[in-house]
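See structure below.
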Amino acid sequence: MACPEDAELSVIVVDDARIREINRDYLQRDKSTNVISFAQQEGEGGQLCPGLLGDVVISADTAARDAAEAGVPLFHELAFLLLHGILHLVGYDHERGTAEQAAAMEAKEQELFGLLRDSGLLDVSRLRPAAAEGD
């Protein structure tokens, strides 16, 4: 799974009501979720702008609840969801893929989140254990 060196993406932070609308309108899932990714490289014309990865939409409401439940700071939960969304944009998939692909995505999440922690960009006492629910 590769990413262009000069890649661009948009990050949109919304509330539960808005992410539910997006989930319903674009993915036919009438429920709120924590994160949804829309890859620009998929479908017809996807290679027209190879540096444009896509959009990551995050629900601040769900992230706040999940952070409180997991006992982690909201900033760390938001960082995890952004990382999860970006991995979807570059081709990782835990929903439609095999168990091995889901495990590979989770391993990559843990690796990258660990790098953020080790570099001092995130001061985390533990890595978030489970994959994000939406996408």
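Cβ atoms here come from the backbone N, Cα and C positions, even for glycine.
Where the annotation comes from TrEMBL, it is an automatic prediction and has not been curated.
For HIS94 (Zn(2+) binding site), the count of additional Cβ atoms within 10 Å of its Cβ stands at 21 [all protein chains shown]. TrEMBL lists HIS84, HIS88, HIS94 with the feature Zn(2+) binding site.
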Residue with minimal Cβ packing [other Cβ atoms within 10 Å] among the binding-site residues HIS84, HIS88: HIS88
